[in-house]
Amino acid sequence: MVYLAPVSTFYRVYQKKSTEGFQSLPYSVALFSSMLWVYYAVIKSHSYLLITINSIGCIIETIYIAIFLFYAPRSAKMFTLRVVVFLNVIVFGLILLCTLLLSNGGMRITILGWICVSFSVSVFAAPLSIIRLVIHTKSVEYMPFNLSFFLTLSAAVWLGFGLLSKDKFVAIPNIVGLVLGILQMALYCVFREPEPPAKSPDKGLPEHAVVIPAKVVPTREVHPVDAAGGREGVGDGLDRGSLRV
């Protein structure tokens, strides 16, 4: 559900053919974190749930980033490409090589686990840039509520899973995620614009007032008498019906 939460956001991007003020950093970091957790789950035996969920996450986050790149302006597009290449190619490649070549067995799992913890915290911290934007603009337009809600819910569920499975590497980052998720939802409640009340057409009138439709009164056409007749001509004309109605 967390991975599907931004669907409404990207549907809006598709409709408007623009990324507007949305940022790609949370999705780039989320892709990197999912890749790390897949690697961690492969190294650690019997972690099929982690493998399944994070593999799906990798696919979905890749689709989101592709849509963002298609509709983003040039500057945002170049920034996103640099982040993706740096995190998901260079940094992930270095982590892969170092853990495979310089460690083995339990030590490899421990090192990789702490790496996953640090970058999972960064996933939850990535929306902090959006939080800063919300506080600055006093608007939650670019902080989708669905994403904040499902991140909070996911953090709570994974925290419970980590505690039950006694996996501290799963539990620790989700404590941070739960706190930051609650913070985002609190900001949404504070800065959300209330819906304007429906306006009544008779607003402002006293209760006993009655609206009477205007009645069109026909006007009479007055034809002046000939000025050459002088004042007396006017009187005569009036008597003779020169003033026609």
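From the backbone N, Cα and C atoms, a Cβ is placed for every residue, glycine too.
Positions annotated as transmembrane segment by TrEMBL: 25-42 (among others). Sequence-distant contacts of the transmembrane segment (25-42) (same chain, six or more residues past either end, CB-CB distance under 8 Å): 6, 48, 50-51, 54-55, 57-58, 61-62, 64-65, 68, 80, 83-84, 87-88, 91-92, 95-96, 109, 112-113, 115-116, 119-120, 122-123, 126-127, 129-130, 147, 169.
For 48-71 (among others), the entry in TrEMBL reads transmembrane segment.
As annotated by TrEMBL, transmembrane segment applies to 83-103 (among others).
If you look up TrEMBL, you'll see 109-135 (among others) marked as transmembrane segment.
Residues annotated as transmembrane segment in TrEMBL: 147-164 (among others).
Outside the transmembrane segment (170-191), and at least 6 residues removed from its termini, the chain residues within Cβ reach (under 8 Å) are 50, 116-117, 120-121, 123-125, 127-128, 131, 134-135, 138-140, 143, 145, 148-149, 151-156, 158-159, 161-163. According to TrEMBL, the transmembrane segment annotation covers 170-191 (among others).
Per TrEMBL, region 'Disordered' is recorded for 226-245.
The compositional bias 'Basic and acidic residues' annotation in TrEMBL covers 233-245.
The listed stretches are 48-71, 109-135, 147-164; of these, 109-135 has the most Cβ pairs under 8 Å to the transmembrane segment (83-103). Note on the transmembrane segment (48-71): residues 2-4, 6, 10, 13-14, 17-19, 22, 24, 27-28, 30-31, 34-35, 37-38, 40-42, 77, 80-81, 84, 161, 170 of its chain, located 6 or more positions outside it, place their CB under 8 angstroms from a CB of the stretch.
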